[in-house]
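Chemist: Feature table excerpt (Swiss-Prot):
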type     : residues : note
SIGNAL   : 1-16     : signal peptide
DISULFID : C42-C131 : disulfide bond
DISULFID : C44-C60  : disulfide bond
DISULFID : C59-C111 : disulfide bond
DISULFID : C65-C138 : disulfide bond
DISULFID : C66-C104 : disulfide bond
DISULFID : C73-C97  : disulfide bond
DISULFID : C91-C102 : disulfide bond
REGION   : 121-133  : region 'Important for membrane-damaging activities in eukaryotes and bacteria'
Amino acid sequence: MRALWIVAVWLIGVEGSVVELGKMIIQETGKSPFPSYTSYGCFCGGGEKGTPKDATDRCCFVHSCCYDKLPDCSPKTDRYKYQRENGEIICENSTSCKKRICECDKAVAVCLRENLQTYNKKYTYYPNFLCKGEPEKC
């Protein structure tokens, strides 16, 4: 089942290290990334057009912007390590890129937790064609 979840998330287009990001999201929100966030709104799971639908979707927009600031890194493939201390995610200091990718993923997981009250099931599996126009600048 876990392998199926990982493959499904990867195919849908979640960026970053799928395993680590997925664990962070589960730990912070209590929600499984698939299906909760893999195609939520206009920015969670890809797409990246139009305006974020709510604060949850905005978390994914900001996450995409964070990755955009790492042009010399490979956030889709670089795996990193982190641990939790006193309920907080601590990114390990392996390489500069891996640490910065981890910090981007940590930020989105915390943002999703802080905005759980805005999560709206009507934006799960939101049709990408409804996301029109250029996104705002990061």
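Placement of Cβ uses the backbone N, Cα and C atoms for every residue, glycine included.
Since we're looking at a predicted model, the values are computed, not measured.
For the listed features, I'd like the structural context: burial, neighbours, distances.
Modeler: C42 (disulfide bond) is surrounded by 27 other CB atoms, counting those within 10 A of its CB over all protein chains shown.
Packing around C44 (disulfide bond) is summarised by its Cβ count: 31 other Cβ atoms lie within 10 angstroms of its Cβ, all protein chains included.
Under the DSSP three-state reduction, C111 (disulfide bond) is assigned to helix.
Listed in sequence order, the residues of the same chain lying 6 or more apart from C65 (disulfide bond) and placing their CB within less than 8 Å of its CB are C138.
Counted within 10 Å of its Cβ, the other Cβ atoms near C97 (disulfide bond) come to 15, all protein chains included.
A 10 Å cutoff on Cβ-Cβ distances gives C91 (disulfide bond) a total of 19 other Cβ atoms nearby, all chains included.
Residues 35-36, 39-42, 46-47, 49-51, 53-54, 56-57 of the same chain, all 6+ positions outside the region 'Important for membrane-damaging activities in eukaryotes and bacteria' (121-133), place their C-beta atoms under 8 angstroms from a C-beta of that stretch.
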Chemist: Provide, as an integer number of angstrom, the distance between the C-alpha atoms of C59 (disulfide bond) and C44 (disulfide bond).
Modeler: 8
Chemist: How many Å lie between the Cα of C91 (disulfide bond) and the Cα of C111 (disulfide bond)?
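Modeler: Here the two Cα atoms are 16 Å apart.
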Chemist: I'd like the per-state residue tally for the region 'Important for membrane-damaging activities in eukaryotes and bacteria' (121-133) from DSSP, helix first, then strand, then coil.
Modeler: 6 helix, 0 strand, 7 coil
Chemist: Would you mind listing, in sequence order, the residues at least six apart from C66 (disulfide bond) in the same chain with a Cβ closer than 8 Å to its Cβ?
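Modeler: Within the chain, C66 (disulfide bond) has Cβ neighbours under 8 Å at E103, C104, A107, V108.
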